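Undergrad: If you scroll down you'll find the structure; I have some questions about it.
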Amino acid sequence: MHWLRTVAALREQVADWRGSTVGLVPTMGSLHEGHLSLIRRCRQECDHTVVSIFVNPLQFGPNEDWDRYPRDEEGDRALCEAAGVDVVFAPDPQEMGADPATGSDRTWVMPPESLLQTLCAPHRPGHFRGVATIVLQLLNLVQPQRAYFGQKDAQQLAIIQRLVRDLQIPTTIVPCSTVREADGLACSSRNRYLSAAERQVAAGLYRALRRGYDHWQAGDPSAEGILAAARAELEHTPELQLQYLELVDPQTLQPLPRVEDKGLLAIAAYVGQTRLIDNLLLSPEQGDPLPERVQHAAPPSSGTTSPPRRPLIAIDGPAGAGKSTVARAVAAQLQLLYLDTGAMYRAITWLALQRGIPLDDAEQLTQLAAQTQLTLQSGTSSTEPTRIWADGEEITQAIRSPEVTRWVSHVAAVPGVRQELVKRQRSIGRDGGAVLEGRDIGTHVFPDAELKVFLTASVGERAQRRQHQLQAQGQMVPLEELKAQIEQRDRRDSERLISPLRPAPDAILIDTDHLSQSEVQDKIVMLYRQLLERSGPARLDQ
């Protein structure tokens, strides 16, 4: 992946892609699942993916949050690399001619006045002028065939679509569905501002929209009825400071007296000091705006051929059976994504220990798992462990300490923690083409994984392996002590009520006691290739 900061470097890179399909995903960084869904869609439909990361000062007002807008370059870099992005363009304001110190002395792109009469525009004067200026600048620099925007920013989407059409820019603007948390809250970088209590209040935006949507679904297309239903729901959340609640045409953004064909029900409100926006499209073709679980980006439009889905490999087994080492090596050989689920549980355990959270306080542990942003990046080689960041701080080495090892199975047994992390694991692995290892991947996280492997080894063998790992880190722990710890952890893992350690009924058992790491790796690779021969999915290019 190339991380570029200058226009010259970007132009040089893009010039090498002549004749290929290039996709652009414009962002302001602090990436979350919403951005990742755009990136996944782009990678499915284009030969090359460019992600721009630019906190655009031109779209912030004098009293807005440009200075404190969340920035996480290290985490963004890791996420983009893991997602398979080809180029990240991350210029500074001076490079884009958007230095706040120069004021208004530059060329601006002015959106049509008719698109600035409703929704956010009256409350944020100049905002969409700044958005349009930088987006068109990016389109000119990258010259993509396709550019991907989220439906959550519906007014921005409508303005960009109109400008591209009016100026005859040869780029297809691809709208992508809003990605939501389980309670309906739309993913947003500004969600990071919210406290735990504010996070619960914020879910009221979606509930209000959903109430209006359900009213429309029940047969009343009038704006009066739809808006009244949404306002009635807002009365249950008085902490929300409503800025606007409007029903408009999705393309013209003009107010609608009733929904004849399509409508956009949009809301903006303050939760404490944080301004949040959201919307739902009222359209017979749209379908339910939120199924029971998190809704990810819409599938590619008709006529687009997506790459065939590659199988998932689920590797389970007890601590010390060699899962992580083997999984990394298999993923590297087969050119698959490697997801170290154990590192996620270790990260929450380490954070709990650092913050003094009692490990028997399930509520606090669950809240910690829900609020912590975890970023994982595969090592540069099959022998390098997964790098992991928690809220922007790298903790790769810290989570491998004996203290974390001692308590991680205790934290992993907390139902709320497992629920939060499993949700993230499923999000990452849902498109296939990944190797996941843990203790319940094949039985709980991905019970439909195409290839399930359960690695075993004796307690003595696993203790020796762990001792060698610790010695390499300069730590000396007696072998008998390690055996006792492993036996205790085996009992906890196998006896816990939630997702106990056990092989899936269709898992292939491999005893690693007398096998080298490369021999175990070869067995799994052979099983994978046999699976491909039987099912005929995507060809492997290795």
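Our numbering is plain: 1 for the first residue shown, then up by one each step along the chain.
Heads up, the Cβ atoms here are built off N, Cα and C, so glycines get one too.
Residues or ranges marked as region 'Pantoate--beta-alanine ligase' by Swiss-Prot: 1-280. Among the features that Swiss-Prot reports, ATP binding site is placed at 28-35, 150-153, V179, 187-190. Sequence annotations record features per position, and here Swiss-Prot assigns active site, proton donor to H35 based on sequence analysis. According to Swiss-Prot, the (R)-pantoate binding site annotation covers Q59, Q156. Residues annotated as beta-alanine binding site in Swiss-Prot, with sequence analysis given as evidence: Q59. The region 'Cytidylate kinase' annotation in Swiss-Prot covers 281-542. Sequence annotations record features per position, and here Swiss-Prot assigns region 'Disordered' to 287-311.
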Undergrad: Of the recorded positions listed here (H35, Q59, Q156), which is spatially closest to S189 (ATP binding site) when Cα positions are compared?
TA: H35
Undergrad: Would you mind checking how many other C-beta atoms are within 10 angstroms of the C-beta on Q59 ((R)-pantoate binding site)?
TA: 22
Undergrad: Between G34 (ATP binding site) and Q59 ((R)-pantoate binding site), what C-alpha distance do you get in Å?
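TA: That separation, Cα to Cα, works out to 20 Å.
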Undergrad: Can you see whether DSSP assigns L31 (ATP binding site) to helix, strand or coil?
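TA: SS state of L31 (ATP binding site) = coil.
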Undergrad: Which of these binding-site residues has the least crowded Cβ, counting other Cβ atoms within 10 Å: M28, L31, V179?
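TA: Ranked by other Cβ atoms within 10 Å, the binding-site residues M28, L31, V179 bottom out at M28.
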Undergrad: If you skip the near sequence neighbours and keep only those at least six away, which residues in the chain come within under 8 angstroms of Q151 (ATP binding site), Cβ to Cβ?
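TA: For Q151 (ATP binding site), the qualifying residues are L157, P175, C176, S177, T178, N279, L281.
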Undergrad: Would you kindly give the Cα-Cα distance separating M28 (ATP binding site) and Q59 ((R)-pantoate binding site), rounded to the nearest Å?
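TA: Answer for this pair: 11 Å between alpha carbons.
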Undergrad: Restricting to the region 'Cytidylate kinase' (281-542), what is the model's mean pLDDT?
TA: 80
Undergrad: Looking at the binding-site residues Q156, S189, which sits with the largest number of other Cβ atoms within 10 Å of its Cβ?
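TA: Counting Cβ neighbours within 10 Å, the top one is Q156.
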Undergrad: Sorry to bug you, but what's the C-alpha spacing from M28 (ATP binding site) to Q156 ((R)-pantoate binding site), rounded to the closest Å?
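TA: Pair distance, Cα basis, whole Å: 14 Å.
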Undergrad: Taking only same-chain residues 6+ apart in sequence, whose CB is under 8 Å from that of H35 (active site, proton donor), what do you get?
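TA: The answer is V25, T27, V51, L79.
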Undergrad: Using DSSP with the three-state reduction, classify V179 (ATP binding site) as helix, strand or coil.
TA: coil
Undergrad: Tell me whether Q151 (ATP binding site) sits in a helix, a strand or coil according to DSSP.
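TA: Going by the DSSP assignment, Q151 (ATP binding site) belongs to neither helix nor strand, so it counts as coil.
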